[in-house]
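**Student:** The following block contains the structure, expressed as C-alpha coordinates.
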Amino acid sequence: MEKIIVRGGRKLNGTVKVEGAKNAVLPVIAASLLASEEKSIISDVPTLSDVYTINEVLRYLGADVHFENNQVIVDASKELTTEAPFEYVRKMRASVLVMGALLARNGRARVALPGGCAIGSRPIDQHLKGFEAMGATIKVGNGFIEAEVNGRLKGARIYLDFPSVGATENIIMAAALAEGTTVIENCAKEPEIVDLANYINAMGGIIRGAGTGTIRIEGVAYLKGAHHTIIPDRIEAGTFMVAAAITGGNVLVRGAVPEHLTSLVAKMEEMGVKIVEEEDGLRVIGPENLKPIDIKTMPHPGFPTDMQSQMMALLLQAKGTSMITETVFENRFMHVEEFRRMNGDIKIEGRSVIINGPVGLQGAEVAATDLRAGAALILAGLCAEGHTRVTELKHLDRGYVDFHTKLASIGADIERVKEEIQTTSDQQAAVSD
Ligand SMILES: CC(=O)N[C@H]1[C@@H](OP(=O)(O)OP(=O)(O)OC[C@H]2O[C@@H](n3ccc(=O)[nH]c3=O)[C@H](O)[C@@H]2O)O[C@H](CO)[C@@H](O)[C@@H]1O
Ligand SMILES: C=C(OP(=O)(O)O)C(=O)O
(Lines of atoms letter the chains of each structure in order from A and count residues from 1; the text may use other names and numbers.)
(Lines give C-alpha, C1' and ligand atoms only; values in the text may rest on other atoms or scores of the structure.)
(Ligands and ions follow the chains in the order given, each with its own letter.)
Protein backbone atom coordinates (compact mmCIF):
# COMPACT_ATOMS: atom_id res chain seq x y z
CA MET A 1 0.00 0.00 0.00
CA GLU A 2 1.28 3.46 -0.87
CA LYS A 3 1.17 6.29 1.65
CA ILE A 4 2.24 9.88 1.79
CA ILE A 5 3.98 10.73 5.05
CA VAL A 6 4.14 14.39 6.05
CA ARG A 7 5.95 15.81 9.05
CA GLY A 8 4.44 19.14 9.97
CA GLY A 9 6.04 22.38 11.01
CA ARG A 10 7.95 23.72 8.02
CA LYS A 11 7.16 27.06 6.34
CA LEU A 12 6.98 26.66 2.55
CA ASN A 13 9.07 28.97 0.38
CA GLY A 14 9.88 29.14 -3.32
CA THR A 15 8.09 28.65 -6.63
CA VAL A 16 5.76 25.91 -7.74
CA LYS A 17 4.35 25.52 -11.25
CA VAL A 18 0.80 24.40 -12.00
CA GLU A 19 -0.12 21.82 -14.66
CA GLY A 20 -2.78 21.92 -17.34
CA ALA A 21 -6.27 21.63 -15.85
CA LYS A 22 -7.69 18.14 -15.33
CA ASN A 23 -11.25 19.41 -15.68
CA ALA A 24 -10.43 21.12 -18.97
CA VAL A 25 -8.40 18.34 -20.56
CA LEU A 26 -11.00 15.58 -20.02
CA PRO A 27 -13.80 17.25 -22.06
CA VAL A 28 -11.26 18.49 -24.63
CA ILE A 29 -9.96 14.96 -25.24
CA ALA A 30 -13.58 13.72 -25.44
CA ALA A 31 -14.37 16.48 -27.96
CA SER A 32 -11.55 15.21 -30.20
CA LEU A 33 -14.01 12.46 -31.17
CA LEU A 34 -15.93 15.12 -33.12
CA ALA A 35 -13.13 15.46 -35.70
CA SER A 36 -13.77 13.19 -38.66
CA GLU A 37 -10.74 14.67 -40.46
CA GLU A 38 -7.15 15.34 -39.35
CA LYS A 39 -5.47 14.82 -36.01
CA SER A 40 -5.83 16.96 -32.91
CA ILE A 41 -2.76 17.95 -30.93
CA ILE A 42 -3.47 18.87 -27.31
CA SER A 43 -0.64 20.46 -25.32
CA ASP A 44 0.04 21.02 -21.60
CA VAL A 45 -1.73 17.77 -20.72
CA PRO A 46 -1.06 16.69 -17.12
CA THR A 47 0.09 13.09 -16.49
CA LEU A 48 -2.89 12.13 -14.34
CA SER A 49 -4.58 8.76 -14.02
CA ASP A 50 -7.82 10.37 -15.30
CA VAL A 51 -6.05 11.37 -18.52
CA TYR A 52 -4.86 7.77 -19.03
CA THR A 53 -8.45 6.62 -18.44
CA ILE A 54 -10.05 9.00 -20.97
CA ASN A 55 -7.35 8.04 -23.49
CA GLU A 56 -8.25 4.38 -22.95
CA VAL A 57 -11.93 5.17 -23.50
CA LEU A 58 -11.11 6.87 -26.82
CA ARG A 59 -8.95 3.93 -27.93
CA TYR A 60 -11.76 1.53 -27.02
CA LEU A 61 -14.07 3.62 -29.21
CA GLY A 62 -11.68 3.29 -32.18
CA ALA A 63 -9.54 6.47 -32.07
CA ASP A 64 -5.72 6.43 -32.23
CA VAL A 65 -4.35 8.18 -29.16
CA HIS A 66 -0.71 8.93 -28.31
CA PHE A 67 0.36 10.55 -25.04
CA GLU A 68 3.94 11.70 -24.71
CA ASN A 69 5.74 14.76 -23.29
CA ASN A 70 2.52 16.31 -22.00
CA GLN A 71 0.97 16.17 -25.45
CA VAL A 72 -1.98 14.05 -26.53
CA ILE A 73 -2.44 13.39 -30.24
CA VAL A 74 -5.83 12.02 -31.26
CA ASP A 75 -6.79 10.69 -34.65
CA ALA A 76 -10.53 9.97 -34.62
CA SER A 77 -10.94 9.97 -38.41
CA LYS A 78 -11.75 6.22 -38.63
CA GLU A 79 -15.19 4.86 -37.97
CA LEU A 80 -15.95 4.80 -34.24
CA THR A 81 -17.80 2.29 -32.08
CA THR A 82 -20.48 3.70 -29.80
CA GLU A 83 -20.16 2.02 -26.43
CA ALA A 84 -18.29 3.11 -23.28
CA PRO A 85 -18.35 0.16 -20.83
CA PHE A 86 -18.68 0.27 -17.03
CA GLU A 87 -15.00 -0.54 -16.35
CA TYR A 88 -14.10 2.98 -17.55
CA VAL A 89 -17.11 4.89 -16.24
CA ARG A 90 -16.62 3.29 -12.80
CA LYS A 91 -13.01 4.51 -12.70
CA MET A 92 -13.89 8.01 -13.81
CA ARG A 93 -17.33 9.62 -14.09
CA ALA A 94 -16.08 12.06 -16.71
CA SER A 95 -16.20 9.10 -19.15
CA VAL A 96 -19.86 10.08 -19.70
CA LEU A 97 -18.48 13.11 -21.56
CA VAL A 98 -17.96 10.99 -24.69
CA MET A 99 -21.73 10.64 -25.01
CA GLY A 100 -22.50 13.98 -26.70
CA ALA A 101 -19.67 13.65 -29.22
CA LEU A 102 -20.55 10.03 -30.10
CA LEU A 103 -24.23 10.82 -30.50
CA ALA A 104 -23.48 13.78 -32.77
CA ARG A 105 -20.96 11.89 -34.86
CA ASN A 106 -22.55 8.41 -35.05
CA GLY A 107 -26.22 9.02 -34.24
CA ARG A 108 -25.88 6.57 -31.34
CA ALA A 109 -24.12 6.34 -27.99
CA ARG A 110 -24.30 3.65 -25.32
CA VAL A 111 -22.59 4.53 -22.04
CA ALA A 112 -22.63 2.62 -18.75
CA LEU A 113 -24.59 4.35 -15.98
CA PRO A 114 -22.06 6.04 -13.72
CA GLY A 115 -23.16 4.53 -10.36
CA GLY A 116 -22.45 5.93 -6.91
CA CYS A 117 -19.75 8.38 -5.98
CA ALA A 118 -18.03 9.45 -2.76
CA ILE A 119 -19.34 13.02 -3.00
CA GLY A 120 -23.01 12.42 -3.81
CA SER A 121 -25.35 10.66 -6.21
CA ARG A 122 -24.44 12.83 -9.25
CA PRO A 123 -27.28 12.10 -11.72
CA ILE A 124 -26.95 13.00 -15.43
CA ASP A 125 -30.59 13.89 -16.11
CA GLN A 126 -29.68 17.37 -17.42
CA HIS A 127 -27.30 15.89 -20.02
CA LEU A 128 -30.06 13.54 -21.20
CA LYS A 129 -32.71 16.28 -21.23
CA GLY A 130 -30.45 18.22 -23.61
CA PHE A 131 -29.97 15.26 -25.97
CA GLU A 132 -33.73 14.60 -25.97
CA ALA A 133 -34.47 18.23 -26.81
CA MET A 134 -32.18 17.79 -29.83
CA GLY A 135 -34.24 14.84 -31.06
CA ALA A 136 -32.53 11.83 -29.44
CA THR A 137 -34.43 8.94 -27.91
CA ILE A 138 -33.06 7.83 -24.56
CA LYS A 139 -33.37 4.31 -23.16
CA VAL A 140 -32.03 3.15 -19.83
CA GLY A 141 -31.60 -0.55 -19.13
CA ASN A 142 -29.13 -3.24 -18.08
CA GLY A 143 -26.88 -0.64 -16.48
CA PHE A 144 -26.52 1.37 -19.68
CA ILE A 145 -27.95 4.59 -21.11
CA GLU A 146 -28.54 4.46 -24.80
CA ALA A 147 -29.17 7.59 -26.88
CA GLU A 148 -30.11 7.35 -30.52
CA VAL A 149 -31.22 9.74 -33.24
CA ASN A 150 -32.56 9.20 -36.71
CA GLY A 151 -30.35 11.30 -38.98
CA ARG A 152 -28.72 14.39 -37.44
CA LEU A 153 -29.44 15.97 -34.07
CA LYS A 154 -31.48 19.18 -34.39
CA GLY A 155 -30.60 22.46 -32.72
CA ALA A 156 -32.83 23.29 -29.73
CA ARG A 157 -33.33 25.75 -26.88
CA ILE A 158 -32.34 24.05 -23.63
CA TYR A 159 -32.75 25.47 -20.12
CA LEU A 160 -30.66 23.71 -17.47
CA ASP A 161 -32.29 23.38 -14.04
CA PHE A 162 -28.81 23.77 -12.52
CA PRO A 163 -25.70 25.12 -14.28
CA SER A 164 -24.12 21.67 -14.53
CA VAL A 165 -20.57 21.69 -15.89
CA GLY A 166 -20.79 18.21 -17.43
CA ALA A 167 -24.26 18.77 -18.95
CA THR A 168 -23.12 22.07 -20.50
CA GLU A 169 -20.06 20.33 -21.99
CA ASN A 170 -21.94 17.28 -23.27
CA ILE A 171 -24.64 19.44 -24.87
CA ILE A 172 -22.04 21.77 -26.47
CA MET A 173 -20.34 18.74 -28.04
CA ALA A 174 -23.61 17.29 -29.31
CA ALA A 175 -24.77 20.66 -30.65
CA ALA A 176 -21.48 21.36 -32.45
CA LEU A 177 -22.45 18.87 -35.20
CA ALA A 178 -26.26 19.29 -35.00
CA GLU A 179 -28.41 20.79 -37.70
CA GLY A 180 -29.24 24.41 -36.81
CA THR A 181 -28.76 26.49 -33.69
CA THR A 182 -28.73 25.35 -30.07
CA VAL A 183 -29.08 27.78 -27.19
CA ILE A 184 -28.20 26.58 -23.67
CA GLU A 185 -29.66 28.77 -20.94
CA ASN A 186 -28.57 28.78 -17.29
CA CYS A 187 -25.43 26.98 -18.42
CA ALA A 188 -22.17 26.61 -16.50
CA LYS A 189 -19.69 29.51 -16.74
CA GLU A 190 -16.53 27.77 -15.56
CA PRO A 191 -13.20 28.60 -17.29
CA GLU A 192 -13.10 24.94 -18.45
CA ILE A 193 -16.27 25.57 -20.50
CA VAL A 194 -14.52 28.47 -22.23
CA ASP A 195 -11.51 26.25 -22.93
CA LEU A 196 -13.72 23.57 -24.50
CA ALA A 197 -15.53 26.15 -26.67
CA ASN A 198 -12.20 27.61 -27.82
CA TYR A 199 -11.00 24.15 -28.83
CA ILE A 200 -14.17 23.29 -30.76
CA ASN A 201 -14.06 26.70 -32.48
CA ALA A 202 -10.46 25.96 -33.52
CA MET A 203 -11.80 22.69 -35.02
CA GLY A 204 -14.22 24.72 -37.17
CA GLY A 205 -17.15 24.96 -34.74
CA ILE A 206 -19.24 28.06 -34.10
CA ILE A 207 -19.80 28.59 -30.36
CA ARG A 208 -20.52 31.99 -28.82
CA GLY A 209 -21.10 33.10 -25.23
CA ALA A 210 -18.98 30.54 -23.38
CA GLY A 211 -18.22 31.94 -19.93
CA THR A 212 -21.66 33.60 -19.70
CA GLY A 213 -25.02 32.13 -18.66
CA THR A 214 -26.21 31.61 -22.26
CA ILE A 215 -24.27 29.74 -24.93
CA ARG A 216 -25.24 29.71 -28.59
CA ILE A 217 -23.96 26.96 -30.88
CA GLU A 218 -24.44 26.96 -34.67
CA GLY A 219 -24.10 23.35 -35.78
CA VAL A 220 -21.67 22.58 -38.63
CA ALA A 221 -21.54 19.58 -40.99
CA TYR A 222 -18.11 18.35 -39.90
CA LEU A 223 -15.14 19.30 -37.69
CA LYS A 224 -11.39 18.87 -38.22
CA GLY A 225 -8.63 18.16 -35.70
CA ALA A 226 -6.94 21.25 -34.22
CA HIS A 227 -4.02 22.28 -32.01
CA HIS A 228 -5.02 23.39 -28.54
CA THR A 229 -3.19 24.24 -25.30
CA ILE A 230 -5.00 23.43 -22.04
CA ILE A 231 -5.54 26.23 -19.48
CA PRO A 232 -3.70 26.02 -16.13
CA ASP A 233 -5.39 24.07 -13.34
CA ARG A 234 -7.08 26.60 -11.02
CA ILE A 235 -7.80 23.95 -8.39
CA GLU A 236 -4.20 22.71 -8.27
CA ALA A 237 -3.13 26.39 -8.09
CA GLY A 238 -5.61 26.99 -5.26
CA THR A 239 -4.33 23.94 -3.39
CA PHE A 240 -0.75 25.30 -3.45
CA MET A 241 -2.05 28.72 -2.39
CA VAL A 242 -3.54 27.11 0.70
CA ALA A 243 -0.27 25.19 1.29
CA ALA A 244 1.60 28.52 1.42
CA ALA A 245 -0.99 30.10 3.72
CA ILE A 246 -1.35 27.17 6.13
CA THR A 247 2.40 27.08 6.83
CA GLY A 248 2.84 30.87 7.08
CA GLY A 249 5.09 30.59 4.02
CA ASN A 250 5.83 32.66 0.92
CA VAL A 251 5.22 30.85 -2.38
CA LEU A 252 4.89 31.96 -5.99
CA VAL A 253 2.26 29.77 -7.68
CA ARG A 254 3.43 30.03 -11.27
CA GLY A 255 0.72 29.74 -13.91
CA ALA A 256 -2.16 30.66 -11.54
CA VAL A 257 -4.61 32.81 -13.53
CA PRO A 258 -6.06 35.53 -11.23
CA GLU A 259 -9.33 35.81 -13.23
CA HIS A 260 -9.98 32.09 -12.64
CA LEU A 261 -9.41 32.43 -8.90
CA THR A 262 -11.31 35.56 -7.84
CA SER A 263 -13.55 33.93 -5.21
CA LEU A 264 -10.66 32.01 -3.63
CA VAL A 265 -8.40 35.08 -3.57
CA ALA A 266 -11.19 37.14 -1.98
CA LYS A 267 -11.84 34.54 0.72
CA MET A 268 -8.16 33.98 1.51
CA GLU A 269 -7.65 37.75 1.75
CA GLU A 270 -10.61 37.93 4.15
CA MET A 271 -8.68 35.47 6.30
CA GLY A 272 -5.67 37.80 6.33
CA VAL A 273 -3.56 36.04 3.68
CA LYS A 274 -1.51 38.38 1.47
CA ILE A 275 -1.86 37.64 -2.26
CA VAL A 276 0.15 39.56 -4.84
CA GLU A 277 -0.35 39.35 -8.60
CA GLU A 278 3.00 38.86 -10.33
CA GLU A 279 3.74 38.61 -14.02
CA ASP A 280 3.70 34.83 -14.13
CA GLY A 281 1.40 33.91 -11.27
CA LEU A 282 0.21 34.65 -7.75
CA ARG A 283 2.46 35.08 -4.73
CA VAL A 284 0.88 33.93 -1.49
CA ILE A 285 2.21 35.02 1.88
CA GLY A 286 0.74 33.41 4.99
CA PRO A 287 0.06 35.65 8.02
CA GLU A 288 0.92 35.00 11.68
CA ASN A 289 -2.79 34.70 12.54
CA LEU A 290 -5.65 33.57 10.30
CA LYS A 291 -9.15 35.03 10.71
CA PRO A 292 -12.32 32.86 10.67
CA ILE A 293 -14.73 33.30 7.72
CA ASP A 294 -17.88 31.78 6.22
CA ILE A 295 -17.84 30.12 2.79
CA LYS A 296 -20.65 28.86 0.56
CA THR A 297 -19.74 26.74 -2.46
CA MET A 298 -21.49 27.80 -5.67
CA PRO A 299 -21.17 27.33 -9.43
CA HIS A 300 -18.52 29.60 -11.01
CA PRO A 301 -17.83 32.47 -10.40
CA GLY A 302 -18.90 31.42 -6.88
CA PHE A 303 -16.58 29.58 -4.53
CA PRO A 304 -15.56 26.22 -6.09
CA THR A 305 -16.65 23.03 -4.35
CA ASP A 306 -13.33 21.51 -5.47
CA MET A 307 -11.56 23.87 -3.01
CA GLN A 308 -13.94 23.19 -0.10
CA SER A 309 -11.92 20.55 1.74
CA GLN A 310 -8.61 22.41 1.33
CA MET A 311 -10.20 25.56 2.81
CA MET A 312 -11.53 23.45 5.67
CA ALA A 313 -7.93 22.54 6.49
CA LEU A 314 -7.00 26.24 6.47
CA LEU A 315 -10.00 27.27 8.60
CA LEU A 316 -8.96 24.75 11.27
CA GLN A 317 -6.01 27.10 11.84
CA ALA A 318 -8.10 30.30 12.06
CA LYS A 319 -8.83 31.85 15.46
CA GLY A 320 -12.60 31.61 16.02
CA THR A 321 -15.63 29.97 14.45
CA SER A 322 -16.08 29.52 10.70
CA MET A 323 -18.81 27.93 8.64
CA ILE A 324 -18.70 26.18 5.25
CA THR A 325 -21.93 25.47 3.38
CA GLU A 326 -21.76 23.01 0.50
CA THR A 327 -24.50 23.71 -2.06
CA VAL A 328 -23.10 21.95 -5.15
CA PHE A 329 -22.80 18.32 -3.99
CA GLU A 330 -25.15 16.62 -1.54
CA ASN A 331 -22.51 14.67 0.37
CA ARG A 332 -19.08 16.23 0.16
CA PHE A 333 -18.10 16.15 3.84
CA MET A 334 -16.55 12.67 4.04
CA HIS A 335 -13.20 14.27 4.93
CA VAL A 336 -14.64 15.72 8.18
CA GLU A 337 -14.20 12.38 9.99
CA GLU A 338 -10.58 12.23 8.81
CA PHE A 339 -9.88 15.79 10.04
CA ARG A 340 -11.39 14.76 13.39
CA ARG A 341 -8.82 11.97 13.56
CA MET A 342 -6.24 14.76 13.44
CA ASN A 343 -7.97 16.58 16.35
CA GLY A 344 -10.06 18.88 14.13
CA ASP A 345 -13.04 20.49 15.92
CA ILE A 346 -15.76 20.30 13.23
CA LYS A 347 -19.53 19.79 13.55
CA ILE A 348 -21.75 18.84 10.62
CA GLU A 349 -25.19 20.51 10.54
CA GLY A 350 -27.10 19.54 7.42
CA ARG A 351 -25.28 20.97 4.42
CA SER A 352 -22.99 23.10 6.62
CA VAL A 353 -20.04 22.50 8.88
CA ILE A 354 -19.02 24.60 11.86
CA ILE A 355 -15.28 24.77 12.42
CA ASN A 356 -13.73 25.93 15.67
CA GLY A 357 -10.11 26.93 15.57
CA PRO A 358 -7.33 27.12 16.01
CA VAL A 359 -6.72 23.53 17.01
CA GLY A 360 -3.37 21.94 17.53
CA LEU A 361 -3.63 19.45 14.68
CA GLN A 362 -2.05 16.11 15.44
CA GLY A 363 -0.53 13.72 12.94
CA ALA A 364 -2.57 10.55 12.41
CA GLU A 365 -3.20 7.84 9.81
CA VAL A 366 -5.99 9.17 7.57
CA ALA A 367 -7.57 8.10 4.28
CA ALA A 368 -8.25 10.23 1.22
CA THR A 369 -12.01 9.93 0.66
CA ASP A 370 -11.87 11.74 -2.70
CA LEU A 371 -9.13 13.50 -4.62
CA ARG A 372 -9.52 16.95 -3.03
CA ALA A 373 -9.89 15.41 0.43
CA GLY A 374 -6.55 13.66 -0.17
CA ALA A 375 -4.88 16.98 -0.91
CA ALA A 376 -6.61 18.67 2.05
CA LEU A 377 -5.39 16.04 4.53
CA ILE A 378 -1.84 16.51 3.27
CA LEU A 379 -2.26 20.29 3.74
CA ALA A 380 -3.41 19.69 7.30
CA GLY A 381 -0.39 17.43 7.78
CA LEU A 382 1.91 20.33 6.80
CA CYS A 383 1.00 22.14 10.03
CA ALA A 384 0.21 19.17 12.30
CA GLU A 385 2.39 18.00 15.12
CA GLY A 386 4.20 14.79 14.24
CA HIS A 387 3.62 12.43 11.30
CA THR A 388 0.50 12.35 9.16
CA ARG A 389 0.11 9.28 6.96
CA VAL A 390 -2.35 9.63 4.09
CA THR A 391 -3.61 6.47 2.35
CA GLU A 392 -5.95 5.79 -0.62
CA LEU A 393 -3.67 7.75 -2.92
CA LYS A 394 -5.47 6.52 -6.04
CA HIS A 395 -7.86 9.41 -5.48
CA LEU A 396 -5.06 11.96 -5.25
CA ASP A 397 -3.43 10.62 -8.42
CA ARG A 398 -6.62 11.38 -10.38
CA GLY A 399 -6.08 15.10 -9.91
CA TYR A 400 -2.53 15.97 -8.83
CA VAL A 401 0.77 15.34 -10.63
CA ASP A 402 3.71 14.61 -8.26
CA PHE A 403 1.96 16.42 -5.42
CA HIS A 404 4.47 15.34 -2.76
CA THR A 405 7.49 16.10 -4.96
CA LYS A 406 6.21 19.59 -5.70
CA LEU A 407 5.55 20.26 -2.00
CA ALA A 408 9.03 18.92 -1.13
CA SER A 409 10.55 21.29 -3.72
CA ILE A 410 9.21 24.26 -1.71
CA GLY A 411 10.39 22.93 1.63
CA ALA A 412 7.83 20.41 2.91
CA ASP A 413 9.06 17.39 4.82
CA ILE A 414 7.11 14.82 2.85
CA GLU A 415 7.68 11.47 1.18
CA ARG A 416 5.68 8.84 -0.66
CA VAL A 417 6.38 5.30 0.43
CA LYS A 418 5.26 1.78 -0.40
CA GLU A 419 4.52 -0.19 2.72
CA GLU A 420 4.20 -3.94 2.73
CA ILE A 421 0.93 -5.03 4.35
CA GLN A 422 1.82 -7.00 7.49
CA THR A 423 0.26 -10.45 7.48
CA THR A 424 -0.05 -12.56 10.60
CA SER A 425 1.26 -16.11 10.61
CA ASP A 426 -2.38 -17.34 10.58
CA GLN A 427 -3.09 -15.36 7.43
CA GLN A 428 0.08 -16.66 5.82
CA ALA A 429 -0.92 -20.21 6.66
CA ALA A 430 -4.39 -19.60 5.16
CA VAL A 431 -2.79 -18.30 1.93
CA SER A 432 -0.48 -21.28 1.59
CA ASP A 433 -3.32 -23.79 2.26
C1 LIG B 1 -14.50 16.41 -14.69
C2 LIG B 1 -15.06 17.66 -14.13
O3 LIG B 1 -15.08 18.69 -14.77
N4 LIG B 1 -15.53 17.58 -12.89
C5 LIG B 1 -16.05 18.78 -12.24
C6 LIG B 1 -17.49 18.97 -12.67
O7 LIG B 1 -18.20 17.80 -12.33
P8 LIG B 1 -19.66 17.57 -12.93
O9 LIG B 1 -19.69 18.03 -14.33
O10 LIG B 1 -20.05 16.16 -12.64
O11 LIG B 1 -20.50 18.54 -12.01
P12 LIG B 1 -21.93 19.19 -12.31
O13 LIG B 1 -21.76 20.66 -12.42
O14 LIG B 1 -22.57 18.47 -13.44
O15 LIG B 1 -22.71 18.82 -10.99
C16 LIG B 1 -23.08 19.76 -10.03
C17 LIG B 1 -24.33 19.33 -9.33
O18 LIG B 1 -25.39 19.16 -10.25
C19 LIG B 1 -25.99 17.89 -10.12
N20 LIG B 1 -26.42 17.42 -11.45
C21 LIG B 1 -25.53 17.46 -12.48
C22 LIG B 1 -25.90 17.01 -13.74
C23 LIG B 1 -27.20 16.53 -13.92
O24 LIG B 1 -27.60 16.10 -15.01
N25 LIG B 1 -28.05 16.51 -12.87
C26 LIG B 1 -27.70 16.95 -11.63
O27 LIG B 1 -28.48 16.91 -10.70
C28 LIG B 1 -24.87 17.02 -9.54
O29 LIG B 1 -25.39 15.88 -8.89
C30 LIG B 1 -24.20 17.98 -8.60
O31 LIG B 1 -24.87 18.02 -7.39
O32 LIG B 1 -18.02 20.12 -12.01
C33 LIG B 1 -18.07 20.00 -10.57
C34 LIG B 1 -18.75 21.23 -10.02
O35 LIG B 1 -17.97 22.35 -10.22
C36 LIG B 1 -16.66 19.79 -10.04
O37 LIG B 1 -16.73 19.53 -8.67
C38 LIG B 1 -15.97 18.64 -10.73
O39 LIG B 1 -14.61 18.62 -10.38
C1 LIG C 1 -14.90 16.06 -8.12
C2 LIG C 1 -13.86 16.20 -8.94
O3 LIG C 1 -13.69 15.56 -10.10
P4 LIG C 1 -14.64 14.52 -10.85
O5 LIG C 1 -15.83 15.26 -11.35
O6 LIG C 1 -13.79 14.06 -11.99
O7 LIG C 1 -14.99 13.44 -9.87
C8 LIG C 1 -12.73 17.13 -8.63
O9 LIG C 1 -11.94 17.39 -9.54
O10 LIG C 1 -12.63 17.57 -7.48
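Cβ atoms here come from the backbone N, Cα and C positions, even for glycine.
In case it helps, TrEMBL gives these features for our protein:
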| type | residues | note |
| --- | --- | --- |
| DOMAIN | 6-407 | domain 'Enolpyruvate transferase' |
| BINDING | Lys22, Asn23 | phosphoenolpyruvate binding site |
| BINDING | Arg93, Arg122, Pro123, Ile124, Asp125, Gln126, Asp306, Val328 | UDP-N-acetyl-alpha-D-glucosamine binding site |
| ACT_SITE | Cys117 | active site, proton donor |
| MOD_RES | Cys117 | 2-(S-cysteinyl)pyruvic acid O-phosphothioketal |
**Student:** How long is the line from the C-alpha of Asp125 (UDP-N-acetyl-alpha-D-glucosamine binding site) to the C-alpha of Lys22 (phosphoenolpyruvate binding site), rounded to the nearest angstrom?
**Tutor:** 23
**Student:** Across all protein chains in the structure, which of the binding-site residues Lys22, Arg93 has the highest Cβ count within 10 Å?
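**Tutor:** Within the set of binding-site residues, the most crowded position is Lys22.
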**Student:** Taking the recorded positions Cys117, Arg122, Pro123, Ile124, which residues show a Cβ-atom distance to ligand 2 below 6 Å?
**Tutor:** none
**Student:** Could you measure between Pro123 (UDP-N-acetyl-alpha-D-glucosamine binding site) and Cys117 (active site, proton donor) for me? Cα positions, answer in whole angstrom.
**Tutor:** 10
**Student:** Across all chains shown, how many C-beta atoms besides its own are within 10 angstroms of the C-beta of Asp125 (UDP-N-acetyl-alpha-D-glucosamine binding site)?
**Tutor:** 12
**Student:** Relative to the Cβ of Gln126 (UDP-N-acetyl-alpha-D-glucosamine binding site), which residues of the same chain, six or more apart in sequence, are found under 8 Å away?
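**Tutor:** Once residues fewer than 6 apart are set aside, Gln126 (UDP-N-acetyl-alpha-D-glucosamine binding site) is near Leu160, Asp161, Phe162, Ser164, Ala167.
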**Student:** CB neighbours of Asp306 (UDP-N-acetyl-alpha-D-glucosamine binding site) within 10 A?
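**Tutor:** That number is 24.
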**Student:** Using the alpha carbons only, what distance in Å do you get between Cys117 (active site, proton donor) and Asn23 (phosphoenolpyruvate binding site) once rounded?
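**Tutor:** Just about 17 Å between their Cα atoms.
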**Student:** Just jot down the residues in the same chain as Arg122 (UDP-N-acetyl-alpha-D-glucosamine binding site), at least 6 apart in sequence, with C-beta under 8 A of its C-beta; none if empty.
**Tutor:** Arg93, Pro114, Phe329
**Student:** Roughly how many Å lie between the Cα atoms of Lys22 (phosphoenolpyruvate binding site) and Val328 (UDP-N-acetyl-alpha-D-glucosamine binding site), rounded to a whole value?
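**Tutor:** Checking the Cα atoms of Lys22 (phosphoenolpyruvate binding site) and Val328 (UDP-N-acetyl-alpha-D-glucosamine binding site) gives a distance of 19 Å.
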**Student:** Val328 (UDP-N-acetyl-alpha-D-glucosamine binding site) has how many other Cβ neighbours within 10 Å of its own Cβ?
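**Tutor:** A count of 22.
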**Student:** Mind computing the max CA-CA distance among Arg93, Arg122, Pro123, Ile124, Asp125, Gln126, Asp306, Val328, which the record assigns to UDP-N-acetyl-alpha-D-glucosamine binding, rounded to whole Å?
**Tutor:** 22
**Student:** State the count of C-beta atoms found within 10 angstroms of the C-beta of Ile124 (UDP-N-acetyl-alpha-D-glucosamine binding site), not counting that atom itself.
**Tutor:** 18
**Student:** To which of the binding-site residues Asn23, Pro123 does the lowest count of other Cβ atoms within 10 Å belong?
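**Tutor:** Taking Asn23, Pro123 as the binding-site residues, the minimal 10 Å Cβ count falls on Pro123.
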**Student:** Between Asp306 (UDP-N-acetyl-alpha-D-glucosamine binding site) and Asn23 (phosphoenolpyruvate binding site), what is the CA-CA distance rounded to a whole number of Å?
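**Tutor:** It is 11 Å, counting Cα to Cα.
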